[in-house]
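Reviewing the structure listed below.
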């Protein structure tokens, strides 16, 4: 009779150890920050979606997605390098902050020019070039600096401030949306593009000022900026691939279907992103810890991931049910333009389940120093997903885009865990070989006596 109780006690103790106080506090802060931000952003999303309509919203999201594919290259992974190195050595903060800001400025300017050029080639002529310029400046420079500010606190495991930055972003974007709605004669993507730029500049300025005041001034180390280009590029490739297989469907729909269908797909994707907030919050809170665990090899980082995955899977199952049940509310909130978004949300409701499986597997690879393998997997999946979009979207519109998106998540799940299995076997074989050599050396010493 006592054995089941003893087993339960051991299970609870293991759960408590997995959720140590710092991880729990950071997760709760990120959950609160993301929650407040999403409440504010849902307000901004509803206002923008209703103000611009499905057509205008679809056009704007087509621009945002095109720029988002390039955005990770504007900092070349400097924010992620900051988290990785500062989480292990806090004295390195100032130079990693300085290099991150410098790289973002240099690369951001070049990529802004590229974004305007590509936008003219791939986006509809109805989109004014200034909209592309404003979104590019906002997302390739200002927002990247804002993200680096949040990562600065993340590296130091002070996620309270990172969460507050998220709330700040939601509030400022909502203020911009209200301003657009208030200007009754200027309900256009051109005006929203300009307000989008202004709001991003304001939140970047506030965050950067606070980082310099609380954490220290940036220092520049040009030699390290150059020597770490390869390592940083792995993170950039990884993040850009993430955008491709997650969001390229929006741009493809604008190009090959219609802006209205792109708006429906984008609205449904946004609702699913809201549902993923707790999983993303846990991921943000645990990210720096993966590097600490990964110092000791892939076994440790995977063990840490396995302690987090059950929580994300239980939540994903609940989110699947909730999304299916609440989907009919969306047209009532956004307007009749989004009637087909009900079906789209129900199709996409399974996505959190797959993301809950592969997000922490990916971070386990990164934490153990296998970012190159992770990036390679993501690039291959991104290429396959982009090719499938080109083949399927012209035939099946937003339904085809959703199916391709789900296929991408399934491929990531399978690829990450197959790679982890291979690396675990390799690491164990190396350790076993080292142990055998050690034992043979001990035996040889004993024989000599």
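Quick reminder: no glycine exception, Cβ is built from N, Cα and C everywhere.
When TrEMBL is compared with the stretches 7-26, 27-46, 127-146, the one noted as transmembrane segment is 127-146. Here the transmembrane segment (233-257) does not touch the transmembrane segment (345-365). Their Cβ atoms form fewer than 3 pairs under 8 Å, with each pair 6 or more residues apart. Beyond the ends of the transmembrane segment (127-146), by six or more residues, the same chain brings 59-60, 62-64, 66-68, 70-71, 74-75, 79, 101, 104-105, 107-109, 111-112, 115-116, 119-120, 165, 169, 189-190, 193-194, 196-197, 200-201, 203-204, 207-208 to within a C-beta distance below 8 angstroms of the stretch. Per-stretch counts of Cβ pairs under 8 Å to the transmembrane segment (263-287) identify 345-365 as the leading one among 54-76, 167-185, 191-212, 345-365. If one looks beyond the transmembrane segment (308-333) by at least 6 residues along the same chain, the residues whose Cβ comes under 8 Å of a Cβ in the stretch are 18, 46, 267-268, 271-272, 275-276, 278-279, 282, 286, 339, 341-343, 345-346, 348-350, 352-353, 355-357, 359-360.
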